[in-house]
Amino acid sequence: MASGVRSAPKELVASVRDLGSAAGSGDPEKEAVVVNGIEVESLPFATRADGTQDPSRRVLTEEKGYKHLGFAFAERRKWLVLTSIFIVQISMNFNAAIYANAVPGMKTTFGISASKARLGQFIFLVMYAFGCELWAPWSEELGRYCVLQWSLGLVNLWQIPCALAPSFWMVFAFRALGGLSSAGGSVTLGMVADMWEPADQQYAVAFVVLSSVAGSVVAPIAGGFITQYLAWTWVFWISLIFGVVAQVIHAFTPETRASVMLAKQAKLLRKQGYEVYAEQELAGPFRKRIDFKEAFKLMWRPYQFLLTEPIVGFLSLLSGFSDALIFVGLESFGLVLAKWNFDHVQVGLAFIGLMVGYVIAYALYMWDYKKQRAIMQGDTANMAPERRLRLLLWLVALEPIGLFGFAWTSLGPPAVHWIAPLIFTALIGIANFAIYMATIDYIVAAYGPYSASATGGNGFCRDFLAGVAALYATPFYTSVAKGTRWQLTVPSLILSAIALVGTLPVYYFYVRGEDARNKSKYAKQLADARAEKRDERQEAITRASSRNTTPAQSRRTTPTTSRRGSLEVAPMVYQRSLAGKARGYETPTRAGSVKGMATVSESAEMVRRESAA
């Protein structure tokens, strides 16, 4: 045993024969000290500022402390954490959407126009778009748990002055703070990347996406009852109650951020007398680790991709437009269903049709993921990016079809039954879920190490355009073709035409996506690296075959190579060939800066670890 390392208590230490050379001696009789499942003497030495090793301190890396990370959680525990995140995400989107039900009451109480009252929803969603980008880097440094707790606590706090506000502008101000305080998908989807390897994330990501879109359905359902039976201030009190429940549930979930969990384990080892530090601790105190100039640069990158990358720009606009339709629906549904004399409660319950669409789309993607894994024999890491758009080719068409059908059913009775517009709304829901899932999946595959920035632009578009939609929805449906029987039909036909044009990039990128990626500096780097590794992958398959082991039969035995070397986990025979394929590029992070960038990407955290490697 290396000198200077004291014995730990018996209940924490297990001695095993060292088959390698924990201290570098190579002695087969050497014993390695295992504390809390960590071989202390196998940990690498820390590196001083001058580049020399510091034998007095050891570093607890992700590879050595893997069993203490979220990846090592039991599957049941992972899904319990994910269930709490499901509730948290619903509460966030519930808060964003339910405001529409307070507009009639505020209009009367404050003596303002409906357009002015809707500014509260506009400012919340716009600030939400920026808030998601601002919270993400802090979750990388401080951990997911405390950031989400702070976010939920602040959002809940701002509900109180909104409910007690003596003027509309006070509501407006605290709604702005509420939006800015919302961490959103940038953190919740990051937790998925903390617990699942990229190739295994699809089911979990789809579950979180379902919670994101479901919040906009739960809100009008509950809002209908509030509008009909309670004062408008109960919109904020109900949101507060829901938010507190979500925060309490989340309070019982564990931390999942790897760097924070490793720092905790390192502190426990030091209490036992071992000079072990996590990489985050060696970077210095929190204030020294933060480079605000670099942080600003990283937070700007999502907007840079949105403006300069055609793939990101077009697909993000499609995703944003699709989400904006939901908030337009919050306003137009009441106008359309009033033709059947629906009251507030019935209008709210009509949104169940949209939820049915979301659930159908979720089930379709579960089926598609299972099918793709079977086709690729589990090696989805090597699937062409454009293949991820295949299901969307069929489902995206449901958006203009749904809007077109909704337009004509808006003519109302006696020729049309009230169930008809709900059926077409379900089609819109299927398309909305599919667009959200597929655009993120494709962008991650196309941009690799830069997917965090690329998908950040996607999330920004969804929230920002939804906020803008809150302003024009009702005027759009009450001013176009005003006074005619086509007043509610023409606006939806216009939206259908826009949606039809918006779907075209999906088909273009499916057919010519490789050409588009080759014109992108960032995407081309990843494509070139994949091409260089193609022969190595084939060689790995050949070696596996010579050992009478097929890739489908091989099982991943260590997470280290796959997590450090590839964007998605491949079976073991591919690990060596894929190792390092994400390295050698311009890295989005550097030592001492805020790790990571704002994103709603399901693999954002994976990307940051790739870059740091």
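Along the chain as shown, residues are numbered 1 onward.
Even glycines carry a Cβ here, placed using N, Cα and C.
Curation plays no part in TrEMBL annotations; they are all automatic predictions.
The feature transmembrane segment is assigned by TrEMBL to 79-99, 119-138, 172-192, 204-226, 232-252, 305-327, 347-367, 391-409, 415-439, 460-478, 490-511. The domain 'Major facilitator superfamily (MFS) profile' annotation in TrEMBL covers 81-514. The annotation region 'Disordered' is assigned in TrEMBL to 529-613. Annotation source TrEMBL lists compositional bias 'Basic and acidic residues' at 529-540. Per TrEMBL, compositional bias 'Low complexity' is recorded for 549-564.
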Request  = Could you tell me whether the transmembrane segment (119-138) and the transmembrane segment (460-478) have 3+ CB pairs under 8 A, leaving out pairs under 6 positions apart?
outcome  = yes
Ask   = Apart from its near flanks, which chain residues at least 6 from the ends of the transmembrane segment (119-138) lie with a Cβ under 8 angstroms of it?
value = 95-96, 99-100, 102-103, 106, 147, 151, 168, 171-172, 175-187, 190, 295, 298-299, 302, 327, 456, 459-460, 462-464, 466-468, 470-471, 594-600, 604
Request  = Return the stretch with the most CB pairs under 8 A relative to the transmembrane segment (204-226), choosing among 79-99, 232-252, 347-367, 490-511.
outcome  = 79-99
Task = Quickly jot the same-chain residues contacting the transmembrane segment (172-192) by Cβ under 8 Å, restricted to those at least six beyond its ends, or write none.
result = 70, 81-82, 85, 88-89, 92, 95-96, 99, 119-121, 123-128, 130-136, 139-140, 144, 147-148, 151, 154-155, 158-159, 161-162, 165, 201, 204-205, 208, 211-212, 256, 456, 459, 463, 598-602, 604-605
Query = Across the domain 'Major facilitator superfamily (MFS) profile' (81-514), what is the average pLDDT of the model, as a whole number?
reply = 87
